[in-house]
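Asker: Quick one: structure below, then a few questions.
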Amino acid sequence: MALEAQPSPSPSPRRSPEAAAGGAGAPGGSAGDADAQARRATSGRPRRRGPQPRRSPPPPFPRTPRPSSAARTGKPVSPPPPPRKKPQFQPPPQPPRAWDPSPPPPPPAPAAPVLVPPPAPAPRPAPAPAPRVPARAVEHDHRVVPDILLRKRPTAVLQRTALVARVAAALLCLAALAVLAADSRKGFALDSYSNYSQLRYSEAVNVIGFVYSVLQFFVLADLMRRNKHLNPRRKGDYFDFFMDQVLAYLLISSSSSATARVGDWIDNWGSDPFPKMANSSIAISFMAFLVFAISALISAYNLFRRDI
């Protein structure tokens, strides 16, 4: 328990020599007056405290140790297990290196600087396409030819080609049937083409091809002269395409059958003027087949083209 420090009484003030002498020379004065004066003189001054000895703090209260859980339960206390150490990686032992008397390899040469090609210039923007002119103009004889006239040029060339093909087909069919018709009572046997069905078939096909080619020739000639078809064009195109195809197939089939029959005749009886003239007619029929095939292509073009 700490003791509070109480203020010590202030010491009495020192008396001056004059006051002391006065006091001594007046013995008859009362002691009470002298004490009262001394209190008044020292009432306004602070009292001085002397040095006090330091007191030591009280000793701490002794603490009794608390019994552990093992002591309370009465079981023996086992020491804590030692901490586990983590395995440290140790590099495998390396065999000792043999002494190499050769000098160390020279340091690699510095790599040559890689030359970076300069960046390619940016591509220029493509120019804007020119406006398309609906009608092409061609300068011819200081005049402007409109687009419709340019479209008529391929048509005129195609019509001339078809006209030439019709003339050639008519002439070839006429020549084939004329040679075959003249092949009568020829050779040592005085044989005739009319005795064989294959040769009669070839003769009939050549007659049909000649008549059809002459008819188509006059139709095309009138179209080129008047620029007008004799029959409606859609139906006329179908008719031309169909007839060209049929006559081409008939010519190739009749010529093939006649060739087989003449070859059999030569194998049995030998060669004489009769089979030679028959072979000539068959060769002309093959040529007529090629012309009709060209005419069939032109007819197909006219049929499937929309601007005619």
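Every residue, even glycine, has its Cβ placed from backbone N, Cα and C.
Take a look at what Swiss-Prot says about it:
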| type | residues | note |
| --- | --- | --- |
| COMPBIAS | 54-65 | compositional bias 'Pro residues' |
| COMPBIAS | 89-132 | compositional bias 'Pro residues' |
| CARBOHYD | ASN195 | N-linked glycosylation site |
| CARBOHYD | ASN279 | N-linked glycosylation site |
| REGION | 1-135 | region 'Disordered' |
| TOPO_DOM | 1-161 | topological domain 'Cytoplasmic' |
| TOPO_DOM | 183-203 | topological domain 'Extracellular' |
| TOPO_DOM | 225-240 | topological domain 'Cytoplasmic' |
| TOPO_DOM | 263-280 | topological domain 'Extracellular' |
| TOPO_DOM | 302-308 | topological domain 'Cytoplasmic' |
| TRANSMEM | 162-182 | transmembrane segment |
| TRANSMEM | 204-224 | transmembrane segment |
| TRANSMEM | 241-262 | transmembrane segment |
| TRANSMEM | 281-301 | transmembrane segment |
Asker: Which one of these glycosylation sites, ASN195, ASN279, has the sparsest Cβ neighbourhood, judged by other Cβ atoms within 10 angstroms?
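Answerer: Lowest Cβ count within 10 Å among the glycosylation sites (ASN195, ASN279) is ASN195.
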Asker: Where, among 162-182, 241-262, 281-301, do we find the most CB pairs under 8 A to the transmembrane segment (204-224)?
Answerer: 162-182
Asker: The transmembrane segment (162-182): which same-chain residues, six or more beyond its ends, come within Cβ distance under 8 Å?
Answerer: 193, 199, 202-203, 206-207, 209-210, 213-214, 216-217, 220-221, 224, 277-278, 280-282, 284-285, 287-288, 291-292, 294-295, 298
Asker: According to DSSP, does ASN279 (N-linked glycosylation site) sit in a helix, a strand, or coil?
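Answerer: Reduced to three states, the DSSP call for ASN279 (N-linked glycosylation site) is helix.
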Asker: List, by number or range, the same-chain residues at least 6 past the transmembrane segment (241-262) whose CB is under 8 A from its CB atoms?
Answerer: 196, 198-199, 201-202, 204-206, 208-209, 212, 275, 278-279, 281-282, 285-286, 288-289, 292-293, 295-296, 299-300, 302-303
Asker: Using DSSP, break the topological domain 'Extracellular' (183-203) down into helix, strand and coil residues and give each count.
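Answerer: Across the topological domain 'Extracellular' (183-203), the residues distribute as 10 helix, 5 strand, 6 coil.
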Asker: Quick one: average pLDDT across the topological domain 'Cytoplasmic' (225-240), no decimals.
Answerer: 78
Asker: Calculate the distance in Å between the alpha carbons (Cα) of ASN279 (N-linked glycosylation site) and ASN195 (N-linked glycosylation site), and round it to a whole number.
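Answerer: Answer for this pair: 16 Å between alpha carbons.
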Asker: Within the same chain, where does the topological domain 'Extracellular' (183-203) have neighbours whose Cβ lies under 8 angstroms from its own Cβ atoms, ignoring anything closer than 6 residues to its ends? I mean 6 or more beyond.
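Answerer: Hits for the topological domain 'Extracellular' (183-203): 176-177, 254-255, 257-258, 260-262, 269, 272-275, 277-278, 281-282, 285.
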